[in-house]
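Data first, discussion second: the structure below is written as structure tokens.
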Amino acid sequence: MHYNLKHTSTKKLMNGSKEINELDEKDFALSLVQKGVDMKIGLDIATLSYKKLVDKIVLIAGDSDFVPAAKLARTEGIDFVLDSLGADIRDSLSLHIDGRRTCDEKYINRNWQSKKDK
């Protein structure tokens, strides 16, 4: 998480219509970009699997980036269950999971209904 100077504010600084000491919170935008989260989750899955610390992993995601982690967990004898919150998943991920489960039926029903209404 960090703040970026907005483009319009940068232009004003560059053309001299605004001074640095005149900047305030309206000149900045919050950036909530997460980097490396999938990799960190994958490493956690690998660690838990190799050390046999768990017998089941439930991943709440639908990202096919987790195929290698799911495959590794299953190779190590871990049950790998996916909750994609109702989202479709790629066949490449589906091949490497032991099951699919949705923990939040209200979420699924609400989103499924809104898709049908469109």
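Note that Cβ sites are derived from N, Cα and C of the backbone, with glycine treated the same way.
Taken from TrEMBL, the feature domain 'NYN' applies to 32-78.
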Counts by DSSP class (helix H/G/I, strand E/B, coil) across the domain 'NYN' (32-78):
26 helix, 5 strand, 16 coil
Could you pull the average pLDDT for the domain 'NYN' (32-78)?
91
